[in-house]
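All remarks here apply to the structure that follows.
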Amino acid sequence: MSTTTATAASLLTTTAAAATPSATGSVRATAQAGVFEGLNPSVYNASDPLVLFIIQATIVIALTRLLYWPLAKIREPRVIAEVITGIILGPSVMGRIPGFTAAIFPPAGMAPFRLVANIGLVLFLFLVGLEINLSYLLSNWRIALSVAALDMTIPFGMGIAVAYGLYNQFASEPGTAPISFGIFALFIGVAMAITAFPVLCRILTSLKLLNTTVGVIVLTSGIANDVVGWVLLALCVTLVNAGAGITALYVFLVSVGYSLFLAYAVRPTFMWVLRRTKSLENGPTEGVVALTIFMVLASSFFTSIIGVHSIFGAFMVGLMCPHEGGFAIKLTEKIEDLTSTLFVPLFFALSGINTNIGLLDSGIVWGYVFAIIFVAFFSKLIGGALGARMNGLVWRESFTIGTLMSCKGLVELIVLNIGLQARILSTRTFTMFVIMALVTTFATAPLVSWLYPPWYQQKLELWKKGKIDWDGNPILRPDGEDPEEKYRQGDTATRLLVYLRTDGLSSILGLLSLFTSAGATATSASSLTDQSGNEKSNAATDVATPQLAQRPLRIQGYRLVELTDRNSSVMKVSDIEDYAAHDPIVKAFGTSTASNTSRDVIVSGQIAVVPEGGFADTLATQASKSNSDLILVPWSETGSVSEVQNYYGGSLKGSNALENREFVTLVTDVFNKSRFLTSVGVFIDRSLFEMGNKNHGTSGDDSNTKTVGIARQLTRDATGISLAETQDLGAAKFHSADGRGRKIVRVLYKRGEDDLFAVRLGYQLAQSDKVSLEVIVEASFHSDSGEENEFAALKSVITETSPTNVTFVNTKDAAGSVQALLALPEDSSTVSHSSLNSSSSSVLVIVGRSVSLLAESKAESGAAAGSSSSSSSAGGSTAAVLGTTASRLAAEIRKGAVGEKAKVSVLVVQGKRSGVAVTSGPVGEDGKGQGGGGGGGGALRRKTSHDSMESRYA
């Protein structure tokens, strides 16, 4: 009794002491002042796990970005950097430092990290499904099935053989579930046969192969491989999680029923919501994004509770989402940044943390590592190569496809993590396969660059077209025609490839109007009027007239969009057909070009999504594929390659737009890469010459008005817009067609192929009643006999066929030539300066680039640079890209203001050089005539966006 009383008294005393405030504060609430009260942020606190998670995420993201910087230089995917980050932070490297793992990645603190990583995995698998366009697979299903079948069955069979040794050697290790060999073999077979479709898209895009025959076959086969692989993996996980055979059957049937429910019940309802909210046309609204995320989470929840991994539910919702109207691309843009920046690196870093290279501690283990790598690579290589060869491709193309299909990447890592979580794999076998995934992914891009380099692609294309033999020798055509006859056969440029830019669209449309109006007079009469007004018969014209009338002008707009690391950027490439159909610039180009034409015009529009450094090569390649006669490139009005004007930096105010280093490099590359493929014309709108003249007025009563900002945009000649005569800067005046007057085209001829092409192009534009051509012939340079004969023949044809609207002016030197090119039109000599801004006084100057003359004209180049207000280095840069003549002309235009000089736009042209340009390289082992080269082309149906698309804007 006394003992009970003492115990009760002790409890009461303790309770009272706890309830009474203490002066010393020995019993206090949880510390709220953080580090000021001695809190250690690296110690895991279950009540506030965010602090340690921020430390972990910051380390992972920073190290991933640091490792990816050098890997990006060699075109390696980011997943390699993410996995290597995890390996460095895991037990293989940093984990060997005492106390590191306990402080940064303690076992108790990994639960929040793993939770966020798995949320990222669910969202990422949704984006993977969203990236797959099943309609693309259906349109090329024959090739996809033939290549994917062999590319899966051979690795699957060889994977089972490897699985037999792995099962007997490592199946009893700690951390593995007691499963049968059949289930283990099924998992290893899937791990060997699967292909990383997302990484494959990025490699194809970075190597500019996505729109080639190789790219189309790999893309379609990769889609089929991915879909089948995920189905087999889901079956494998179902068999592991099911306790009995009947349970596995139930899970499988419910999974099939759920897939049908998504396809035939959820998708139609979702499409109704998208049409009701106009999300297909205008992009997903905030409510649609929320609905989509809800479906992803709900689907992941359902597949998880029925015994299938949660990622399969997210993947099926991604497959369900439509691609019409670019909806999939726009939805990806809403979700991808946070997912790829935070969530995905955490998951793949977690894969690396779970990897322990220290477990590879014996010769037998390393023997299995090499065996796994060998089987994973060569089985895919053989399967893909045989499948491609069966479709008629040459051996080198076939081996390229097999190498691409061997890429494992992030999909393989996801499969391995599922196997680790399902306890199919031990940590040791998991590490083996992670090393295999890294090696095969890392080797893909370098091997493809070696097997299928650009010079070989160009050679193979020319060989298929019959332009060269297999050894690279040009197949020459007989050439014994009359030198004058080739100039009577038709226009110089009837196939135009136009580089579309938002900043230069209006000016380039004005230039194209000269091409579309040319030919109006050629179809009107078979007799000509001489200088005295008498009609004379011209048999040559009678022959040329029907040819000019019957040959349509083909104009292809080509818009270049920069490729980034975002998923949406890659999706724009794979879904380029839908993306191009809804691009406003392409649509506006087609509508504007097809109107008000004087001849038959076929207009098409395409988009290419490539890295900025590949813009020039893409234009040259497309010109070669489409047999273009001329590439037209408008000069940048934004001050850079970017089409977006910098309204805040003011980079163009007071600066010379021709001195932008980025765009100068682009134009130089276009000239160099197209030298033997097609002719090139760089168009410089007259407004660009006025950008640096901040105090330059518009003359007349508005002499104090600065030609910057809105005023510059309203003085373009191309659209027929003039400055508003009122003080309303937002107003614009449009001239009627009759009031615009004649267009004046002036061409300078010194010597060389470029100048000769400039005269021929000016002659083509002069085939219109509203165009006058002035050919300025400079006598300071003396051509050789061949060039003199060419020019004499061309001059003879021009004089015979166009005597009324063509004049030849002889000058003695460069100064006289520049003065003649910039002189006021004769019908404008008495007009007030204020009217010079109107379209009636517009002048187009066409000059040859003739960069080869720089060495002989060094003194003239120095004079041009000295007369310019820019520095000598900048002047040299302009002369190097545009040529001496254009550089001097630009300098005179800029310093001449209005005065007695006309306002001119300049077209700098480079003629196509004769011969076939094939970069020398080793001859492949294909041999002559093997497979016919293009045999696969008959069975392959490309997207219409990669064809001519001639009728889109007809």
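Using the three backbone atoms N, Cα and C, a Cβ is placed for every residue, glycine included.
What TrEMBL says about a protein is an automatic prediction, not a curated fact.
Given the structure is predicted, the values throughout are model-derived calculations rather than measurements.
According to TrEMBL, the transmembrane segment annotation covers 49-68 (among others).
Taken from TrEMBL, the feature domain 'Cation/H+ exchanger transmembrane' applies to 67-449.
Among the features that TrEMBL reports, transmembrane segment is placed at 80-105 (among others).
Marked as transmembrane segment by TrEMBL: 111-132 (among others). When Cβ-Cβ distances below 8 Å are used as the criterion, the transmembrane segment (111-132) is approached by residues 49-50, 52-53, 56-57, 105, 197-198, 201, 223, 226-227, 296-297, 300, 310-312, 314-321, 328, 331-332, 335-336, 339-340, 342-344, 346-347, 349-350, 411, 414, 567, 570-571, 574 of the same chain, each at least six residues removed from its ends.
The annotation transmembrane segment is assigned in TrEMBL to 144-167 (among others).
Annotation comment: TrEMBL describes 179-201 (among others) as transmembrane segment. Under 8 Å from some Cβ of the transmembrane segment (179-201) lie the Cβ atoms of residues 77, 79, 128, 131-132, 151-153, 155-160, 162-164, 166-167, 171, 210, 218-219, 221-223, 225-226, 229, 232-233, 235-236, 239-240, 375-376, 379-380, 404-412, 415-416, 419, 424-425, 433, 441, 567, 570, 573-574, all in the same chain and six or more residues away from its ends.
According to TrEMBL, the feature transmembrane segment maps to 213-240 (among others). Panel annotation: around the transmembrane segment (213-240), residues 128, 132-134, 136-137, 140-141, 143-145, 147-148, 151-152, 177, 179, 183, 186-187, 189-190, 193-195, 197, 200-201, 204, 248, 251-252, 255, 307-309, 312, 315, 384, 387-388, 391, 393, 397, 400-401, 404-405, 411, 415, 418, 422-424, 452, 574, 936-937, 940, 942 of the same chain, lying at least six beyond its termini, place a Cβ under 8 Å from a Cβ of the stretch.
Annotated transmembrane segment per TrEMBL: 246-266 (among others), in sequence order. Long-range contacts of the transmembrane segment (246-266) within its own chain (CB-CB distance under 8 A, at least 6 residues past either end) are made by residues 234-235, 238-239, 295, 299, 302-303, 306-308, 312, 316-317, 320.
Annotation source TrEMBL lists transmembrane segment at 287-320 (among others). Same-chain residues lying 6+ beyond the ends of the transmembrane segment (287-320) with a Cβ under 8 Å from its Cβ atoms: 118, 121-123, 125-132, 134, 230, 234, 237-238, 241-242, 247, 251, 254-255, 258-259, 262-263, 266-267, 270, 273-274, 277, 279, 331, 334-335, 414, 418.
The transmembrane segment annotation in TrEMBL covers 340-359 (among others).
Annotated transmembrane segment per TrEMBL: 366-387 (among others), in sequence order.
Here TrEMBL flags 399-420 (among others) as transmembrane segment.
Outside the transmembrane segment (432-452) by six or more residues, the chain places 74-77, 79-80, 83-84, 191, 196, 199, 203, 206-207, 209, 214, 351-352, 355, 357, 360, 365, 368-369, 372-373, 376-377, 396-397, 399-400, 403-404, 406-409, 412-413, 416, 425 with a CB less than 8 A from a CB of the stretch. Per TrEMBL, transmembrane segment is recorded for 432-452 (among others).
Annotation source TrEMBL lists region 'Disordered' at 917-954.
Annotation source TrEMBL lists compositional bias 'Gly residues' at 929-939.
As annotated by TrEMBL, compositional bias 'Basic and acidic residues' applies to 945-954.
In this chain, the transmembrane segment (366-387) lies out of contact with the transmembrane segment (80-105); the count of Cβ pairs under 8 Å, excluding pairs fewer than 6 apart in sequence, is fewer than 3.
Tertiary neighbourhood of the transmembrane segment (49-68): same-chain residues 41-43, 78, 81-82, 84-86, 88-89, 104-106, 109, 111-113, 116, 341-342, 345-346, 349, selected by CB-CB distance under 8 Å and a gap of 6+ residues from either end. Long-range contacts of the transmembrane segment (340-359) within its own chain (CB-CB distance under 8 A, at least 6 residues past either end) are made by residues 57, 60-61, 64, 79, 82-92, 105, 113-114, 116-121, 123-124, 365, 410, 413, 416-417, 420, 427-428, 430-431, 434-435, 565-567.
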